[in-house]
Amino acid sequence: MTLTSASTVVGGLDANAPQTISGAAALMDALRRHGVDTIFGYPGGAILPIYDALHIAESEGWVKHILVRHEQAGTHAADAYARATGKVGVCFGTSGPGATNLVTGIATAQMDSVPMVVITGQVPRPAIGTDAFQETDIFGITLPIVKHSWVVRDPADLGSIVAQAFLIAASGRPGPVLIDIPKDVGQEQFNYVPVEPGSVIPGGFHQPEPPLDAAVAAALDLIEQAQRPLLYVGGGAISACAHDSLRMLAERYQLPVTTTLMGKGAFDENDALSVGMLGMHGTAYANFAVTECDLLIAVGARFDDRVTGKLDTFAPRARVVHFEIDPAEIGKNRKADVAVLGDLGLSLARMVEISLQRTAEPRTAAWLERINTWKDRYPLTIPPAEGAIYPQEVLLAVRDLAPDAIVTTDVGQHQMWAAQHLRNGPRGWISSAGLGTMGFGMPAAMGAQVAMPDRQVVCIAGDASILMNIQELGTLAAYGLPVKVVIVNNHWQGMVRQWQESFYDERYSASDMLNGMPDFIALARSFGVDGVKITDRELLHRDLAAALQSPTPTMIDVHVRRGENCYPMVPPGKSNAQMVGLPSHPELAMGTTRTCSSCGAITAHEHRFCPQCGASL
């Protein structure tokens, strides 16, 4: 069988026999062998041979290409596809500006440990280094933000490179990889020998070892001894599908559980053991708990600054158990007393298995009672229903009306309110946490909807961040993706304004978005997307419910109170106990309070640290 061009059928090749085909056809066959069923991308000159082969692959029915309106959106969609499914996301882009447009999305995936294979076109091999039209060194540009990258110099290497790329992207700590393919490599005919997934091991590559029983047992010993333990769960628990083992461990030892922004969904936030999210905009009770715990059990979390606040005051009385797959994270920000290195799913399953061989005697009753006191005293507050709609009301309405939806978010105040008030299952919360990429939400919703066509997908956005990738309304319309985009519209860059109010003496430099803001509903309709504007509290539930039930893509523009701030908040440089925006309790009798000897502040008797200055009480 001799294939003479990329436009010849690429599917159905013999599993092992060499075939004479083009590099582009070989690439598509390699992707098929790795189970790729969806590709997000945007064509251009250097990648046209690959798109020619993709056209044939689509006609065979094994893959679907989603044409985005901007390459950055393609990376975010592939990212969310991976987060929603646990599979590797795939996106295409051409050389030059097409490739550089991918960079923000690659960095977003890298910061959040998302497996993704990014394939770029490149100028022909003889033109590399000549400043040819649309030539950029995307290999060099992306080196700091990928796990590995390749420039394909010989089409015969394509099968092996694709196999390595998928292995590296998905193994260990997941992350993005990049394959840069010169145009003439895609065109060249050669004897293609198919390479099966997992059959090529890159040099120096090592699969994570199973967890050591000694480390697991040592961690279990500390849990059994602790009186004030706290499970601190990050995104690694979701990547490892460890939520069932996590739940069993928490229930068996009655461990309270807090999650990071990336860890939302790893543990049921409706469970009495949940204390919600911790950190800068976490719940007061999560931040008090981490400050007073005597054992911190970190699961797939990296002790980042938005979680820890002032690092040397983070969990100051606690011993630390760290479950982690990436050895570079052990001891990076916080020394671990016991480190359990390995796949989190295997590690937690093994811990549950060993625990069942012991008698579980939880010692946390008094600790849970204290946490419940904090929950009662410092709940997430909802302002009184008067005047303009409050942002929190919008999120509570979404929670009531779409409790099982996959939620994606943009970045800003709306993201934090969503994290505080929504309750999501595993892989049901998709947000840019590490890089904080504005414009992530709508493309991510596209990717999640393509991945999960039978699930409801809701994007929570701000009026500033939605404009970063507003053109993707065209993608929603073109493919009929029934995503619901809820804009929490306060006509500000809300988080920037809040910081300017709090820390820059109310100098609102370049954060007011009132002038020049589009009519979002008219804009959506111009793309062929339905839209509804909500400004009246009395109509919020009715109109939101109708929009969420629509079978078509819909934009919902909810105008909210302009000056509302997101609280609680840990100010920069402060400890987690030094939150601002907590509800006051003037009714407290002196007999139930403590006075801080450092700053004189009066606080509840059950506190061990002063919420004003962070001093030990």
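Quick reminder: no glycine exception, Cβ is built from N, Cα and C everywhere.
Taken straight from Swiss-Prot:
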type	residues	note
BINDING	Glu71	thiamine diphosphate binding site
BINDING	Arg173, 281-302, 324-343	FAD binding site
REGION	413-492	region 'Thiamine pyrophosphate binding'
BINDING	Asp463, Asn490	Mg(2+) binding site
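A distance of 22 Å separates the Cα atom of Asp463 (Mg(2+) binding site) from that of Glu71 (thiamine diphosphate binding site).
Mean pLDDT, taken over the region 'Thiamine pyrophosphate binding' (413-492), works out to 99 on the 0 to 100 scale. Comparing the Cα of Glu71 (thiamine diphosphate binding site) with the Cα of every entry in Ala286, Ala298, Ile325, Asp337, Asn490, these being the binding-site residues, the smallest distance points to Asn490. The most densely surrounded of the binding-site residues Asp337, Asp343, Asp463 is Asp463 (count of other Cβ atoms within 10 A of its Cβ).
Glu292 (FAD binding site) sits 37 Å from Asn490 (Mg(2+) binding site), taking the CA atoms of both as reference points. Comparing Gly331 (FAD binding site) with Asn490 (Mg(2+) binding site), their Cα atoms are 41 Å apart once rounded. For Asp337 (FAD binding site) paired with Asn490 (Mg(2+) binding site), the C-alpha to C-alpha distance reads 46 Å. Under DSSP, Glu71 (thiamine diphosphate binding site) is assigned to a helix (H, G or I) in the three-state scheme. The Cβ of Ile325 (FAD binding site) has 24 other Cβ atoms within 10 Å, all protein chains considered. Secondary structure of the region 'Thiamine pyrophosphate binding' (413-492) per DSSP (helix as H, G, I; strand as E, B; remaining residues coil): 35 helix, 15 strand, 30 coil. The CA atom of Asn490 (Mg(2+) binding site) is located 28 Å away from the CA atom of Ala286 (FAD binding site). Within the same chain, residues at least six positions away from Ala298 (FAD binding site) with a Cβ under 8 Å of its Cβ are Tyr232, Gly234, Val320, Val321, His322, Phe323, Glu324, Arg334, Ala336. Neighbour list (Ala286 (FAD binding site), Cβ cut-off 8 Å, at least 6 residues apart, same chain): Thr258, Val275, Gly276, Met277, Leu278, Gly279. Sorted by the number of other CB atoms within 10 A, the binding-site residues Glu71, Arg173, Glu292, Gly331 start with Gly331, the lowest.
Other Cβ atoms within 10 Å of the Cβ of Asn490 (Mg(2+) binding site) number 25 in total over all chains.
For the recorded site, Gly331 (FAD binding site), the DSSP three-state label reads coil.
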